[in-house]
Structures are given as C-alpha cells and as structure tokens.
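A.B. asks: Have a look at this one.
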Amino acid sequence: MTTSSYCFSATRNPITHSNFLFLNSNLYLPKHRNHTAFTQEPKKDLIFNIPKSSFLFSSPKGSKIYHKSTQPFASLSESSQNKENVKQEEGELPGMAQAFNISSNTASAISVCIAVAALSLPIFMKTLAQGASLKIKLMSYATLLFGFFMAWNIGANDVANAMGTSVGSGALTLRQAVLTAAVLEFSGALLMGGHVTSTMQKGILVANVFQGKDSLLFAGLLSSLAAAGTWLQVASFYGWPVSTTHCIVGSMVGFGLAYGGPGAVFWSSLARVTSSWVISPILGAVASFIVYKCIRRFVYSAPNPGEAAAAAAPVAIFVGVTAITFAAFPLSNKLPIAVAQALGCGTLGAFLVNNIIRKQLGHLLAKSKLKSKATHQEPHEESAPKNIGFLSDIAGPTGTQLEIVYGVFADMQILSACFMSFAHGGNDVSNAIGPLAAALSILQGGATGGEIVIPLDVLAWGGFGIVAGLMMWGYRVIATIGKKITELTPTRGFAAEFAAASVVLFASKLGLPISATHTLVGAVMGVGFARGLNSVRAETVREIVTSWVVTIPVGALFAVVYTWILTKFIPLIF
C-alpha cells in the first residue's frame, strides 16, 4: 500500500495554522476569522505514515497536503486557487466557484441550467395540464414557481443540518457533501414526502375562518411561501441557520392576524413553536456534551483507543438503526413484528459497519496490537491516570491510534449524515410543497379546509428545488455549522450529529416542540462546551440566536406585505 509521511500536531486542544489535524485521508487546515481565543502552542510534532486508500472517501485533487520534505509555503504563488484561499482566510465569503473549486464559467453554467430548468419544467408537469383554462394554467405556473422559490431556500439553508458537521470535521469535502446530499435529499422528498398534509400548515391557522374566501386564502398561501423564502434567503446569505418550519409558521401567523384576526391563529401552537428556541438547543447541547464525554472517557482513555473505537462503532450503529427503524419507519403495525424487524435492521447495519471498519483499518489495528504487545505498555505516550472521572480532562490518542479513531468516527459520521439528509428531504419538503399543493387545489376547485395528498410530480418539483438551492448557496450555512461555531473533528462531529438526531427522533415521538436546526446548533455548541467555554465563538452564537428570535416576526411582516400586494392583483384574474 502506498504511503506518505506527513507532519501531525499531537496537541489535543484547538490548533494554530502551523499544525494540521488528520482525518480520513486528508489533512484539515482550519480557518478562522479570529484565532485569539483558539490558539495554543503545540506540545510536539509527530511523523507518521498515512495510507492513501484507507477510508471511504479519498482526498480530492484540489486538496492541499504538505509533505514533510516540502516547504509549507513554497507553492503559494503557483495557482490562483491559493490566492482564493488567502481571501477566505481573511474572512471573505466565498462564491459558488471558489466553494467547489471550479471555474467561474462552470459555476455560471450550472446556475443558468438550474434557472432554465426551473422556468421550463413546470410546463411539462401533469399538475399544470390539469388547468381548465389558460388563466388557471398561468396561475398554476406562477404557483409552482412560488413553491420552487421556497424549496430552493430550504436547500440553501436547512440541508446544513445533515452535512454541516461532516464538512466541518473533514469527514466529507464540500463537493462530496453536496453531491451526496443532492441525491439523498431528492430521493427522500420523492419517496417519503408523500404524506398527507392539511391546508393550514402545521395547525397554526383556524381553517374555518377562511371558508368561502378562496381568493384571499390563495393569496395568503402564496404570500407565506414568498415571505418564508425571502427570510430564508436573507439568512442563508449571511450564513445563519434558521428553522424553515418557523419561517412558514411566522408567515402564516402574519397572514392570519392581518386578514383573519386573533381568532384565526392557534396561539397554543405558536407558543409551542417559540418554546423550541429554548428547549431544542438545550437538549441538543446536553446530549452532545454527554456523547462526547463518553467518547473521551471510554475510547480515548482505553488501553487501545483504536480497538475501543472499532468495537464501539457497531454497537452505536446497532442502537441507532434499531431505534430509528422502530420509531420513524415501523415496518409493521404489529408491535412484536415491528420490534423484530427493527432489531434485524440494527443487526444488519452493525454487521456491515464492522466489516467495513475491519477491512479499511484492519492493518492499522493489527499494527497497534503488535506494537502494544512488543512494548508491553499502553499505546499512549503518557499512561492514563488510574482513576478517571466522567468530566476529567483526558489527553487524546496520538499517532496510529488517532488515525484509527478518526477513521472510525469519520465513517460513522458519513453514514449518519446520509441518513439525516434522506430524512430531511422527506420531512421538510412539506414546508414548501404543503402550501403549494393547497394553493393548486384551490385553483382546481378543491376544498380549502380538507386534507390534500401531494401529487408525485409536485414532490419531485420540491425535491429539485431543494437540490438546486443546496448546490448554489448551501455552502454558506454549511460553513457556519461546520466551522464558525467551534472547531470540529470526526469525534466531535459525530457526537454532535448523533446527539442531534437522537434528540429530534425521541422528542418528536414524545410530542415535544423541537426544531432540528436549533437542536443541531445546540449540539455543536455542547461539543464545544465539553472542551471549555472559550472553545465556542460567542459572536457567531449571538448572530444565530438573534436570527432565531426575529424569524417569526420578520416572516409575519413579509407575509402581510406580500398578501396586500397579491390581493390587489389576484382578484383581477382569479
């Protein structure tokens, strides 16, 4: 197997630009706007061999890895990409071309193709052909574009829930994350998004208030899509991760209050939504704090951390797959059969993950065992203390042991990110497609207060919108989740992602008001707090929390303005 020697920093704390953090087959060089609170001098440097074909994903051609025989800054003037990296280092927000390491012409071509597809595909949709007249068809065409606008912004902002930590830890490159999420988000939207949704999205508005007011309700639904999409676009531009559900809720509330009065709003539902601002991040932070401390306590302090990580991975996968299959995707209505099927899925997942890890990292595991037997001592540089508490500050593994630990958790994080991306496509597509389907139903003479089954082509349309937004602007919020809150490694990224997914799953089953976005942000913060209060960037957290607080009122304001505009024009053609 081909190997190369690289320099590696042994410090377990946040590192400077002169040190590298090994993960998968890449060396990750973190970038910050402000390094004051995160800089510490390294304890020492190690030299070790990195197998280039050990893990699921290999380093892209554009990755910059410094060989020990190469001067670190010798190639800074060799390409324009290096100059772009310097601009990123100075805090300049990258564009689509720079984010994906492609030419500006390629980025422009992708954007043009997406725009042409968005304008032309509705013409061929079966839903549009159902219009009885040219007027209805034109209105349906405009409605589909409103839905696409909302779906595009969901992709630009909310997909970071699934992929942000994986990119931040280096388990996936940005390009790999976007391509993977694009496939899974679209598949999830198409295969799982066909659940029945009510006209009054999320139970926020009282449907009876708008009986017999089809024109007004139609304007309100389109305004809600436009208002939520507008705020999501503003938030995505600045890299703020906000809840798409809260955007829709705020828009609905604004429309309901302005045109239906206080009696048109279910205030108890609104109270549950706003309470998630506190409940979600707290639960996420507590859960990720516990998960990360467990990793440090039971993996890092083990006599052989690499072997401990390899043994823990199948167990974690078994628990996760079993719980998710039983709670979210029950394969049978009969409890004994559902439990047996969930256990079978968990066992299969654990078996596959164990085989993958042993195949990819088996040579390193064997090497660490031989070294441990030869030296008759633990493979740490310093022996672990005899009495280790749960909150003890434990030094991390180094050398081959760290290579194994990061390899195991990077693979696990990729798997969890793929599942979250698939589930997100199935769940959150309804935030765009629910109001869209209701509006189309009104145009086609359907009931305004009943249940509406979303057509398959409309689901595909929503999935396409999510993928388009992810490709064009998704990198902005991914950067916030993955890099700007706290420094992430594969172990920290997995702790945050696993904790967030667990909290969202079980809280939803218990009926607690939970936001997946808020939970994940809290989980990332919890991992940072586990390393010390100074490990979390307070400025970034303040910006995010502020964006959460203003989401509902800003969405409401936009909805009122847009509804006023639409009510002036729709009656002329409705």
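Just so you know, glycine gets a Cβ as well, placed from its N, Cα and C.
TrEMBL lists these features:
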- 106-124: transmembrane segment (TRANSMEM)
- 136-154: transmembrane segment (TRANSMEM)
- 174-194: transmembrane segment (TRANSMEM)
- 215-234: transmembrane segment (TRANSMEM)
- 277-295: transmembrane segment (TRANSMEM)
- 307-329: transmembrane segment (TRANSMEM)
- 335-357: transmembrane segment (TRANSMEM)
- 459-478: transmembrane segment (TRANSMEM)
- 514-533: transmembrane segment (TRANSMEM)
- 545-565: transmembrane segment (TRANSMEM)
A.B. asks: Check the transmembrane segment (174-194) against the transmembrane segment (459-478) for contact, please; criterion is three or more CB pairs under 8 Å, pairs 6 or more apart in sequence.
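C.D. replies: Taking Cβ pairs at least 6 residues apart, the transmembrane segment (459-478) and the transmembrane segment (174-194) are in contact, with 3 or more under 8 Å.
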A.B. asks: Given the transmembrane segment (215-234), which of the listed stretches 136-154, 277-295, 335-357, 459-478, 514-533 has the most Cβ pairs that are under 8 Å apart from it?
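C.D. replies: Top-ranked stretch among 136-154, 277-295, 335-357, 459-478, 514-533: 136-154.
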A.B. asks: Take the C-beta pairs under 8 A between the transmembrane segment (136-154) and each of 277-295, 335-357, 459-478, 514-533. Which stretch has the highest count?
C.D. replies: 459-478
A.B. asks: Give the nonlocal contacts of the transmembrane segment (459-478) in its own chain as ranges (CB under 8 Å, at least six residues past its ends).
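C.D. replies: Result: 93-94, 96, 99-100, 110-111, 114, 117-118, 121-122, 125, 144, 147-160, 163-164, 167-168, 174, 177-178, 181-182, 185-190, 193-194, 235-241, 425, 428-429, 432-433, 436.
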A.B. asks: Sort out the residues at least 6 away from either end of the transmembrane segment (277-295), same chain, that have Cβ-Cβ distances under 8 Å to it, and list them.
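C.D. replies: Residues 390-391, 409, 491-492, 494-496, 498-500, 502-503, 507, 512-515, 518-527, 529-530, 548-549.
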